[in-house]
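All remarks here apply to the structure that follows.
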Amino acid sequence: MSAATILVADDDRAIRTVLTQALARLGHEVRTTGNASTLWRWVADGQGDLIITDVVMPDENGLDLIPRIKKIRPDLRIIVMSAQNTLITAVKAAERGAFEYLPKPFDLKELVSVVERALNSNTPPAALPADAGEADEQLPLIGRSPAMQEIYRVLARLMGTDLTVTITGESGTGKELVARALHDYGKRRNGPFVAINMAAIPRELIESELFGHEKGAFTGATNRSTGRFEQAQGGTLFLDEIGDMPLEAQTRLLRVLQEGEYTTVGGRTPIKTDVRIVAATHRDLRTLIRQGLFREDLFYRLCVVPIRLPPLRERTEDVPLLVRHFLNQCSAQGLPVKSIDQPAMDRLKRYRWPGNVRELENLVRRLAALYSQEVIGLDVVEAELADTTPAAQPVEEPQGEGLSAAVERHLKDYFAAHKDGMPSNGLYDRVLREVERPLISLSLSATRGNQIKAAQLLGLNRNTLRKKIRDLDIQVVRGLK
């Protein structure tokens, strides 16, 4: 990488100093400023090979400056940093032409890596959309944890594409919110968003629901009916709980993805389709493939870009933000204004949340509606959590219990839950997967996403670790712990 002139704009002197030292060690010339007007003057004078800019500065928002820079110097790469770690910030940075978005606090090694990629990239900067900056300020996703930051960055990169996305995650993690965000802030935002839940439709009607049917196609088909593909033309089709789709319908869906056309049930004329497919499931599709319940070729067609949503227990630092968000929603809907004291909030952060964000939202709505006190305390929260169903209660682990004993205890409970029946086939792989995922994920977290160090820690070959990361759909967040 040859030496370059890098322009840094940030009103935090400490950040300017750190970036100057780090980039100068690599041989670059670094010019820094604490305001947007000076940065604009340098750019207008033709200075700089790369820009690193903050969003909030005393005189102007850094995001608002990007379109002006792109008009006079379209080839200039821009890296955006921000402490406003929301999906909106990431999307606005991407749609206005930023090369990369980094949330604060950032990892210095990651920033240096992004700088190297920006200076060495031969790919022309993405064209600015005609309606850039139209995104509203309503936040479809809440959270500033490292796991959510990585998801925001992935989503921002996908907004200008039509790539097929499959979202995985436990029930209640917000899979449909992600699908709607991909639509609402993407290139098909002016088209329809059509959702269909495979688990909620009788198996024999799924093909008719998806592709429509002709009059007389089957008993009771007294009129022609349009399917979801036709309804979603020009927009996004969200296939929720794709793991519950029958094999016959999977075959027809695969043909649509391969050929870009379909026929209605009972019809013969091919119909061209123009939709973006976003799928979601709480099930393990690879296990379903091994069990012969899901087509492997369809899996690879759908999982062009896989996104795994973490359960709430893996991002408990987001609980206070979510609680405040739901309380604000309640007050906006006419319920009394409430707050939650710190001991109660700490208890909510310790809870396991088997129902994830949906369970937390329901709890907050109950607190807002059923209790008269303005400040909700620990006693109220404890009472509410105690009233949840047994399956939703946090499991207290016996003190000093070893891993082997804990696994044995959980497996005994698992077999006992089936009473006289037996669990479904493939139990060995399912149990190993449940152990492997947290083991590898936590090892990567401990090594700040460094796969070489994680492989050494685990005693695995680096290629073996990479394959397991891919097979287990583990998201690697580099430089964060």
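Here the Cβ of each residue, glycine as well, is placed from N, Cα and C on the backbone.
Residue ranges 91-110, 311-330, 451-470 are listed, and Swiss-Prot annotates 451-470 among them as DNA-binding region. Secondary structure by DSSP for the DNA-binding region (451-470): 17 helix, 0 strand, 3 coil.
Each residue of the domain 'Response regulatory' (5-119) gets a DSSP state, and the totals for helix, strand and coil are 53 helix, 27 strand, 35 coil.
Mapped onto three states, the DSSP output places T236 (ATP binding site) in strand. Per-residue pLDDT, averaged over the domain 'Sigma-54 factor interaction' (141-369), rounds to 92. Comparing D54 (4-aspartylphosphate) with T236 (ATP binding site), their Cα atoms are 33 Å apart once rounded.
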